[in-house]
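One structure is given here, and the rest of the page talks about it.
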Amino acid sequence: MKQKSSEIHVAKVLPFSEESLTFCAKALKSDSLVAFPTETVYGLGANALSEKAAEKIFSAKGRPKSDPLIVHISFMRQAESLTNMSEFQRQCFDVLGTKFWPGPLTIIVKASNIVPKIITANGDSIALRIPANKVAQELLKQANIPVAAPSANRFGHVSPTTAKHVYDDLSDFDDLYILDHSENCSIGIESTVIKIFEKNKIALLRPGAISSLQIKSELNKEKINFKFEILQRVVKIQDIEKSANISMESPGQLLTHYAPTIEAFIVTNQSKSENFGQTFSKEFLNSSVIIDFNQKNASLMKSSLKYIDLSSRGDFDEASQNLFSYLRNAEKIEGAKYILLPDLIEQNNEKSFGVFDRIYRAASGKYINII
Ligand code: TXA
Ligand code: MG
């Protein structure tokens with residue numbers, strides 16, 4: 001199935017048109033892969049009811065089968081046959097789906113038995129989302145099937161926010177059509193993921209544009225009784241490689257995730273106990289690309305190879321939109337050996353959590369001190 005890019009059969013990029021949209025909807029129905037823009041990142045879509053189609057996602061991405069897939073639907077009633085919800089799940093699902101969909105929220109509830117095991121990674125829950133991007137919506141509507149879609153990057157690499165990013169990572173997969181639309185991913189980081197347990201508990205598994213405060217406030221308005229937990233477990237990639245059956249609440253929570261191909265660090269002026277120890281040298285800075293936020297590390301600009309700011313005015317929405325493309329650009333700069341990222345942990349703002357979560361993982365949790 002995998003072919004070298006020098007061979008004829010490679011992934012095809014289709015400039016957006018009504019015809020290419022219809023073509024892609026048909027391709028999904030016949031179990032091919034279609035990469036499409038959403039408001040968060042590009043998704044790598046496959047028919048969620050076909051084991052054969054879902055297999056292709058894992059093979060194209062090089063993703064371990066222990067990592068379940070998000071299923072994209074186009075309207076809330078489409079969730080009926082895919083789920084088998086408890087009363088509590090149903091109540092929360094209705095409130096949150098009605099309020100936040102279409103939008104960047106993924107909701108995990110109990111799966112029904114029509115969902116192929118490859119989608120749930122042999123678990124009993126399913127992750128669902130209705131995307132807000134118009135191209136994604138039209139594609140789902142025309143295909144008229146639930147579409148499994150992880151981010152369309154090579155496993156562990158930075159998520160894609162343009163069709164070109166997808167092509168750069170997955171061009172050697174022959175049964176893939178990439179729908180290229182200029183109105184790309186306006187949010188720029190993946191959806192917030194929550195899990196609704198069968199009884200009275202909700203957990204945040206991945207931060208994103210919809211905050212836990214917003215989620216809690218909607219449930220409180222409806223006087224629903226619930227416990228809310230933040231279950232962001234940081235798991236090292238070696239642990240998942242050791243055991244394909246490793247049990248994790250959210251298997252995608254790997255420490256080394258969203259990682260550029262060159263080494264990245266978070267710049268700090270504080271001592272971070274476990275990771276403290278690395279310091280700058282002149283040569284180090286000369287071969288470093290600095291990706292900043294709100295001009296925090298602007299003093300390093302002159303001695304660095306290249307300096308770019310995610311948002312020089314300190315806007316987290318702008319930063320999240322830019323982060324993945326800046327990381328991908330940085331790894332391609334000639335002479336670049338390192339990427340230095342901003343420490344946003346001290347920003348006491350829930351909007352910074354999603355961006356910093358990706359920065360932390362891009363750097364595999366490594367900090368570096370300024371002397
Ligand atoms: O914004 C997004 O969510 C994008 C776009 C394309 O929709 N998709 C995306 O998918 O980020 P992916 O596969 O890269 O991330 C999905 C995350 C993973 O961490 C996965 O482990 C988790 O959701 N997940 C999916 N199904 C799950 C389940 N049933 N139980 C627990 N975690 C689940
Ligand atoms: Mg991903």
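Any Cβ shown, glycine's included, is placed from N, Cα and C.
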Among Arg90, Arg129, Arg313 - the residue TrEMBL places in the same L-threonine site as Thr40, His72, Ala149, Ser191: Arg129
Close-lying binding-site residues around ligand 2 among Arg63, Ala149, Ser151, where CB distance stays under 6 Å: Ser151
Neighbours of Ser151 (ATP binding site) among the binding-site residues Thr40, His72, Arg129 (Cα to Cα, within 10 Å): Thr40
CB-centroid shell, 8 A cutoff, L-threonine site Thr40, His72, Arg129, Ala149, Ser191, site residues removed: Thr38, Gly43, Ile70, Pro104, Thr106, Pro131, Ala136, Glu190
For L-threonine: widest Cα to Cα gap among Thr40, His72, Arg129, Ala149, Ser191 in Å: 13
Sequence-distant neighbours of Thr40 (L-threonine binding site) in its chain (C-beta under 8 A, six or more apart): Pro104, Pro131, Cys185, Ile187, Gly188, Ile189, Glu190, Ser191, Gly208, Ala209
